[in-house]
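Data block below; observations after.
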Amino acid sequence: MDIIGQVYCFTGAPHTITCLLREQFINWYIKYKRSENYPAFRELVVMYRLFLALGFLTFINAAGQRCRFTDVERDKGYTGMLLKGRLRKTAGNGRTVELICGRGNHNYTCESGVLKESSPRQARCGCKGILEMLFDMPKEERPSPMYDSVTYDPTPNTPTTVGKDGIWNGVDYRNGSTVKPYCDTGPVINGSSKAVCVSGKWVPTLGVCPKMCSIGSLKENGKFVDVTATTKGDELNPPPREQTLIPIVRKVDKDKVQHGVKVVALCKAEDSTTAAEGVQEFECDNGKWKPEPVPCP
């Protein structure tokens, strides 16, 4: 006897199988029990229990054999499921599907109602590390200056290998992770200072590192007696407390100041060798001093 959902099936006459709905089976059972064939029915029940003990009884839940695209897959970063290139909400048992990921779709197989990834590397739709992405670019296409460090939240699992240029290989940041790059040259410009991993991509677009300004060149070009910074770079651009990846070692010239730093410049007075006059104020703007300096007389 097999049970298929709410349908009961059992052997009857030779080479025949009878299937009844649950209510029909109950009525049939009462009627059959009262008949003269009840002893034979008891033998049938014994055989049924024997099949159950041996594992030959099968329960087939047709709906459960299909796989559905659910919040489980959405939480992993996937935005949909493709079956033969078409967007689908369900897939039959044994079918191979593609889960849509911003950095390339992943293959999954429907196994008894559960979507199984084809490889551990495709267990979720995460984002690639920022520094790893930059070092994968041709050298001439990389931004300059580069980020000095990158901080992620939450912190990923510690990778097992270190690749070229000391950058971790194989780190995958889960959907919803945040990233904040840090530049020794000043706050990032021309973009966002923070991004979120959304379906395999960092959004919005991160900004780039600005260029620093030279105090020496300002002093020389403007013929200033003295140039003094009135703000500090660390106040404008506090360094991160935690760094999850190896920072790029950079030697910053003490003559240079960060983007956004303000300075005052003094000209030497004409009637004195020590006094100063003609005070001018400047701000470092991505490698250039603004406003344009007026040279001392």
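The backbone N, Cα and C atoms fix where each Cβ goes, and this holds for glycine too.
Of the listed residues Cys197, Cys209, Cys209 is the one Swiss-Prot pairs with Cys183, by disulfide bond. Here Asn107 (N-linked glycosylation site) is positioned 18 angstrom away from Asn175 (N-linked glycosylation site), judged by their C-alpha atoms. Of all the Cβ atoms in the protein chains shown, 12 others lie within 10 Å of the Cβ of Asn190 (N-linked glycosylation site). For Cys209 (disulfide bond), the count of additional Cβ atoms within 10 Å of its Cβ stands at 23 [all protein chains shown]. In sequence order, Pro145, Tyr147, Asp148, Cys209, Pro210, Asn237 constitute the residues six or more apart from Cys183 (disulfide bond) in its chain with CB-CB distances below 8 Å.
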